[in-house]
Amino acid sequence: ADIRKRDAVVKAFQHAWSAYEQDAFGADEYHPISHRGSNLTTSTSPSGVRTSRGIGYTIIDALDTMLLMGEPLAPQYEKAKAWVKRELPRGWMRVGSVSTFETTIRTLGGLLSAYHLSQDPMFLERAAELGARLLPAFGEGLWAPAQKPNRRMRTDTSIAEAATLQLEFRYLAHALREWNDKEFWYKAEHVMRVLNQERLESGLAPHKLNTTDGSFLWSSVRMGSSGDSYFEYLLKQYIQTNRTESVYLQMYTDAMRGVQEHMVQRSPWKGHTYITELVPVPGRDDWTGAKQDHLACFLAGSLMLGATRNLQHLRASVPPQQTELTAEGRRDWKVGLALLEGCMDTTKTLTGLAPESVWWRADDQQALPDEPGQQWDWYIMGASKFWPPYDARYILRPEIAESVFLAWRLTGARRYRTYAWNIFTAIEMYCRLPEGGYATVMDVDNLPVKYEDKQETFFLSETLKYLYLTFADENVLDLNEVVFNTEAHPLPIFTPTIKPRFTEYSTLKPAPGT
Ligand SMILES: *[C@@H]1O[C@H](CO)[C@@H](O)[C@H](O)[C@H]1NC(C)=O
Ligand SMILES: *[C@@H]1O[C@H](CO)[C@@H](O)[C@H](O)[C@H]1NC(C)=O
Ligand SMILES: *[C@@H]1O[C@H](CO)[C@@H](O)[C@H](O)[C@H]1NC(C)=O
């Protein structure tokens, strides 16, 4: 471990948590500038009084980070645990309408990882209660889960929302196996069978899906918002069940072939590798849109992880020997390393924070280096000195730190600790509020910084966890023993005792419009 840096991250966690605890304990979300909390759900009593109760977003998202940090966070953890035990069920009784996806990845994932790390059965009990409340989302007559369990009006959903529930529901079923409750497993698994049948010839998948019949809607292919974690969970479902379900490896391998052929590009000046979106334009073959979300930077680490797990029996060395990797693995490893350099280039702003999205320039575009947010290779769309666009923000996102952590664990190269430290010091310098908490920065390329009044829950569950783990001993959460859900909640790798029903790989469909 690098104890000094690791402990600096623990101090940051304490600074973020204690502000929340003091101002808004029990609330779902925290607003550190106005020192208040807010909840995601409200209900109106018969006499017309609107009340809201937290369903644990911030508390549950932070539990496993506190467990990992150990002694310095022990009193905070005990208080959070007591809240989950006593107050959480009262919140659930009032719940109006929640997002299936966000509730699964943040709170179901958080309860399950707290259970895994503490072995306290209370967390599993809460997870089972929540799972049962979410099950109606996989309702009769639907091919993909609805965005909200109790509201099925909308007929479309995103592929990330439909296919980022599987690690959580499968582990829940596995942990409850004494009760022989397989419904959680099979409901989540069924979605994967539908998506397997729908995939395109390229191995890729558009980001919009019709929940009624499971078909894809005409829409872009994205490694950023609404698409990202579908691709992430193809690999992670394979890892989760100890590499026993080869159907996920096949789907993942096909998808990454499509990514490599169609979505990976190089910038004309510095030769950085980046990832595009594929935006369908009627009547044109050219689908490229050079927008890269901060979210898409998860792919760098994911490609490296996939390269070292794409082997049936061997455990790869650190760093892997080229001879230990398959041909696809060698390609993915190289591109993963390069993508991470491209993502780190987007931290070259006045604050050292990476923006929400950048656009990479094609070589026929003139660079405008004297405007704010303008670099040679990429720029922030709509950047202006007067009003920052949405793309210019840093909302305390984790994806670059996540890929840096994976690169550190898989290579052992010290430069990644330097990257992590640079990310951390930029956050300390520009997002930390002296009175307590951390806030969204409105424009990463304008000084002095302006804030938005929000501390996202994933700052506690993901960003600070990945930074902490990069400086901790590497046997803390060994990548051979756990798999992280998309909210950075570590779940154990296990050999399944429930018999998978989705095992058959289907042939691919021609692209839409052809
Ligand atoms: C949010 O929920 C918590 C816990 O149930 C409650 O204590 C708090 O008053 C609620 N906050 C608001 C702003 O309604
Ligand atoms: C989804 O599929 C159903 C059944 O095929 C169809 O009636 C509906 O119009 C479709 N929705 C969209 C948004 O395409
Ligand atoms: C995973 O599989 C390997 C061999 O196939 C076995 O030795 C190992 O114990 C399994 N791990 C788990 C967690 O089941």
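Glycine is treated like the rest: Cβ placed from N, Cα and C.
Source: prediction; values computed, not measured.
Summarising the annotation, TrEMBL assigns active site, proton donor to E102 (among others). All protein chains included, E102 (active site, proton donor) registers 16 other Cβ atoms within 10 Å of its own Cβ. In the three-state DSSP assignment, the secondary structure recorded for E102 (active site, proton donor) is helix.
Cβ contacts within 10 Å of D228 (active site), excluding its own Cβ and spanning all protein chains shown: 25. The active site annotation in TrEMBL covers D228 (among others).
Within its own chain, E356 (active site, proton donor) has D293, H294, Y390, D391, A392, R393, Y394, I395, R397 as residues 6 or more apart in sequence whose C-beta sits under 8 angstroms from its own. Summarising the annotation, TrEMBL assigns active site, proton donor to E356 (among others).
Residues or ranges marked as active site in TrEMBL: E399 (among others). For E399 (active site), the same-chain residues lying six or more positions away in sequence with a CB closer than 8 A to its CB are H294, L295, A296, C297, F298, C343. In this structure, E399 (active site) is part of a helix by DSSP.
Annotated Ca(2+) binding site per TrEMBL: T486, in sequence order. In sequence order, I105, G109, T164, D228, S229, E232, Y233 constitute the residues six or more apart from T486 (Ca(2+) binding site) in its chain with CB-CB distances below 8 Å.
Among the features that TrEMBL reports, disulfide bond is placed at C297-C343. DSSP classifies C343 (disulfide bond) as helix under the three-state reduction. In the structure as shown, the Cβ atom of C343 (disulfide bond) sits within 10 Å of 28 other Cβ atoms.
Residue density at C297 (disulfide bond): 30 other Cβ atoms are found within 10 A of its Cβ, drawing on all protein chains shown.
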